[in-house]
Ligand code: CTP
C-alpha cells in the first residue's frame, strides 16, 4: 500500500492535531487518518469541505479556550501563566493524575508535582517528571537535594493547589492540621486555594470519619470535585468513590481560577440530563437507559464558556459537573416542574432520556407476588413532554435544542421532532446496537456521532468523544446566541 508523508503542515493544524490525538488516545498519524477519512466520506458536509474543516478547527479552538492564531500558531489562553501545584496521593487513581498533568500543560499551565510516598507505589516520579517537565518533590527534609525549594515556597509559588487523588488519609490530615510529610505540610502552609479530587473505596468514602473530614474541609474553604459513582479500579467494587475524570478536574480548576474565554457570560442556560425513574412501587421503577454523560458534559462545557448553567438531572452515577447548579430529580413531572421554574432563560438544551410513560397510580407498598393471581396489570399514562412544553411556552428561551436518540429512520424522526416540539435544533444520534460508535455503543459509552438538524438542513459531525461533542455544541450555542439580542 502506498504511504504518504505530509510536510509543511501549518503550526495551528499541528497543534490541534496533537491535542485531538492526545484526547482520543491516538497517535497523531491515526488522528490524521480518522480526520482525512471523515472528510473523504463527506462526514464534514458535502459542500465546501475545506471551509467546513477550517470552521471545525476554529470551533474546536474556541471551545478549548485557544486564542486566535498569533503569528501562525494558536496560542493557548485557558491556563497560560497559571501555576498549579499538584499533590498526588497514594491510590489506584494516581494513574489518572498523569493524564491530568497532560491536560493542564496543553492548556498552558505550569505544573509542579508533590508525590506522597504511597503515591510512588502507584506511579513513578520518572513518568510524572517527564510529563510535568519539572523536578518532582517527594521529601520534607532533603537538604542535599539541589532542587529543594522548601515547603513554604512550594506552597506559595502556585496559583492553586490540587490534590488528585485525595485519599482518605490526606483529607484526614488536612482536616486535623497534621503536617508530617511534604504533601501535608505544603497543604497546611499554603495561603492559596485548594481543590481536592477524592478517590477511595466506597466504604471509606461513606465512613462517618471521612464525611466529618469532608465537612470540616468544606467549612475551611477547600473546594471539591467528585467523587463519582461507578465501577472502581479494584475488581468487584462499585459505588461512590471514583475520582472525577481529568477533564472534569480541569473544568473545576478553570472555574476556580476564573479563566478562559467567556462568550456565554451573562447567559442563563437550562440543561436536562440522565434518565427519569417512574415508580411502580417503592422498590421498582420504569426508566430509559441513560448514563447522563452527554448531558453533564454539555452542562460543563457551557459553564466553561461562562454560562450560568442550571442542570436538571435524573438519577445518574456520575458526579455533578463543576461550576454548574445541579438540581436532582427522579420523575418526569419533577423534571418538568424544575425546568419551568427556571424560566425565563436564554437557552435550554434537553438531553434527558425522559420516560414517556408512568404508571397511573404507583403503589405505596411493595407489590407482593400472590400465589395464583399472576403478575399485576400496570395502567400507564403519558408523561409531560418537557421539551415540547418549553418549545411552545410563553417564556420560550431564544434557543431551544432537543436530542433525538433513534434506532431507525434517524433523520426523518429528528425532522419530525424539530417541528412537533418547537425546537430550533435537534441533535440526532443513532443509538442502535449496530451504530458502530465506540467499543460499547453510544448509550453508556464515551463516544458519540451526531447530526445537527435544523430548518436550514442537516450538518454531520464525525465520531468524537462526548466531551468533544459537548465542546462543539457549546461553541455552536455561543455562536447562535451572539445573534439573539436580549
Ligand atoms: N423529551 C422531553 N420530555 C419527554 C420526552 C422527550 O423533554 N417526555 C425530550 C428529550 O430530552 C429529547 C427530545 O425530547 O430532547 C426527544 O426525545 P426522544 O425520547 O427521542 O423522543 P420522544 O418524544 O420520546 O419520541 P419517541 O419516544 O417516540 O421517539
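Just so it is clear, glycine is given a Cβ too, placed from its N, Cα and C backbone atoms.
Note: TrEMBL annotation is automatic and uncurated.
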Identity of the CTP-site residue among 346, 356 (reference: 366, 384, 385, 386, 387, 403, 417, 421, source: TrEMBL): 356
Per-residue pLDDT averaged over the domain 'DNA/pantothenate metabolism flavoprotein C-terminal' (264-479), given as an integer: 91
Fewest-neighbour residue among binding-site residues, criterion Cβ within 10 Å, set 356, 386: 356
Secondary structure at residue 403 (CTP binding site), reduced by DSSP to three states: strand
Other C-beta atoms that fall within 10 angstroms of the C-beta of residue 421 (CTP binding site): 20
Recorded CTP site residues 356, 366, 384, 385, 386, 387, 403, 417, 421, farthest C-alpha pair in Å: 37
